[in-house]
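Below: the structure, in structure tokens.
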Amino acid sequence: MASLALLRRTTLSHSHVRARAFSEGKSSNRHRIEKILVANRGEIACRITRTARRLGIQTVAVYSDADRDSLHVATADEAIRIGPPPARLSYLNGASIVDAAIRSGAQAIHPGYGFLSESADFAKLCEESGLTFIGPPASAIRDMGDKSASKRIMGAAGVPLVPGYHGYDQDIEKMKLEADRIGYPVLIKPTHGGGGKGMRIVHTPDEFVESFLAAQREAAASFGVNTILLEKYITRPRHIEVQIFGDKHGNVLHLYERDCSVQRRHQKIIEEAPAPNISADFRAQLGVAAVSAAKAVNYYNAGTVEFIVDTVSDEFYFMEMNTRLQVEHPVTEMIVGQDLVEWQILVANGEALPLSQSQVPLSGHAFEARIYAENVQKGFLPATGVLHHYHVPVSSAVRVETGVKEGDKVSMHYDPMIAKLVVWGENRAAALVKLKDSLSKFQVAGLPTNVNFLQKLANHRAFAIGNVETHFIDNYKEDLFVDANNSVSVKEAYEAARLNASLVAACLIEKEHFILARNPPGGSSLLPIWYSSPPFRIHHQAKRRMELEWDNEYGSGSSKIMKLTITYQPDGRYLIETEQNGSPVLEVKSTYVKDNYFRVEAAGVINDVNVAVYSKDQIRHIHIWQGSCHHYFREKLGLELSEDEESQHKPKVETSANPQGTVVAPMAGLVVKVLVENKTRVEEGQPVLVLEAMKMEHVVKAPSSGYVHGLQLMVGEQVSDGSVLFSVKDQ
């Protein structure tokens, strides 16, 4: 049974049940979709293209100038430019996208998720232009996409709602009064869109105005609509959503629920299906409520009804309905063995749903972990950079949805998600084992990611037993985040880094030896002395020094220099010493296998090691993956010396520090607001600038009271990560 279920999952796209238990009506083959334009980018565009190709349907990609060489462009049958990088001029330009579809001869447009996927105006424009919109009717998008309107509809239908304000009057004084009526803390949320963009938790009236205005700006930038709703903030909630599907013959069913409680910045980072620790009766209630919600607006195609579950009272409340395919839809596909994109196309073609409710299977358990380019230590701020090394694990029960390849750049213009790692197991425990193993094998070098943090989440004892809620990260922050004041943790971190630094040294030198042994350099004096007569000098214990700079997350983002002395032994082993009192000499045997792979023996343990290296700005950047550990080191180029070589320069990696009061950009981004003028007096914590990157705003505040100096930025300027923005001085 399990093997059959696994076969169904791994061939989602090859074999599907076709039991027509629902009313079907008449459908004509004369208008079947043969060519689809995918109005999106990244992993979801690649995902849609993959299913379309299997069905024999041609695909058209659209791209901005920033995405000309992207994977979603390369995988489509053809691609059409729609504008410059800013989303409002390209992926949010509905007229340009419809024009591209007509020019390409496509009969249908698939919006993916985000961008125009929940725009009723865009769905209507498609239909008016003679194009099939692969999604719900514009009326349902309008009713349910507007979170205030959807709550009014659900309230009228008797669905429980969280206390809040969902009215049309957006006057800020009115909103302040409503917030007072609801009672703090309140949740500020845009009425359109999703993904946590624009959401703010406000704890006191003093914070309200600034948070409200920032939420409006983010909503306008992300969704083109800046209206806001208010809700009472439930202190211990779970986020559980139900996947629903309808067809144009009046049939609606659900495909069970997903738990999306583990979030940061109000964005999901680990999702799972089915939800853990709920009863069959509770599951049934959720399903019935979700189907009723969909039927209330004559819904068809894919949708998700989101509920907030109060873990104190065990009551659930309607939160919102997403009228599109969700980012996390793969976990549902894994437990029901169906391709939801194929279902979307079937429904768009006028066909009935391929299964009835009683035929929908529920097999095993699935997790999805979202891999983001972000700085966890900086509060999960988005990061940019080049994927110099990118290796993902894939197997019969492990699936990776991605829109990038090695060498691609993650830019500031779009969402920083690199990939979705999806795993399946026969039960939750088995799936969790695969999730932890796959995360340990997920390799990215070139920019910071949240992979290490996801590993901490997956390995946490509370997560293992399914004790999840939306405050999971805050509740267990002492376990999940580093504490520079914890001497035990600091020592453990240093010892792990020291071990991996030693393995790095042995692996890099062994690879050089391997290459030079097969390509003798002819005694070049430019090479280290122990390679002047390959393989090595007989009876000469050549030594080599290396200095590696380790990014020490246990030291508040500071780095630590590790000075290594490597001695080659006649038996092919390396003795590696670290210049620190009490550090033992480590004996390492390294065997180069191929590419980035090594087989290493150290401290009585033999295991596989992966080392990725790239050079930039006269620095060699080195990443090592060993077991569940990943470490990142930097080395100045040209600093490797043999003991026999004379050098006037002692190896040294410089680190720069800015003067006290200097404020640097926490991320690469766009200046969207300058709140004070240069040489103005500010108070500690006063907002000075607002930066935007990947549709998220970040307020830059004064670090102390004083006068602003060096503030020369203007709205519309781009700043790089770490660049100096201004300083605050006493005078």
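Glycine residues also receive a Cβ, built from the backbone N, Cα and C atoms like all the rest.
Of the listed candidates (K147, K174, K176), Swiss-Prot assigns K147 to the same ATP site as E231, H266. Maximum intra-site Cα distance, ATP binding residues K147, E231, H266: 16 Å. The two recorded residues K147 (ATP binding site) and N322 (Mn(2+) 2 binding site) have their Cα atoms spaced 9 Å from each other. Counting other C-beta atoms within 10 Å of each candidate's C-beta, the binding-site residues E306, E320 are led by E320. Long-range Cβ contacts of N322 (Mn(2+) 2 binding site) within its own chain (separation 6+, distance under 8 Å): E118, G194, E241, G303, T304, E306.
It is R324 that, of the recorded positions K147, H266, R324, has its Cβ surrounded by the most other Cβ atoms within 10 Å. H266 (ATP binding site) sits 14 Å from E320 (Mn(2+) 1 binding site), taking the C-alpha atoms as the reference points.
In the three-state DSSP reading, E231 (ATP binding site) counts as strand.
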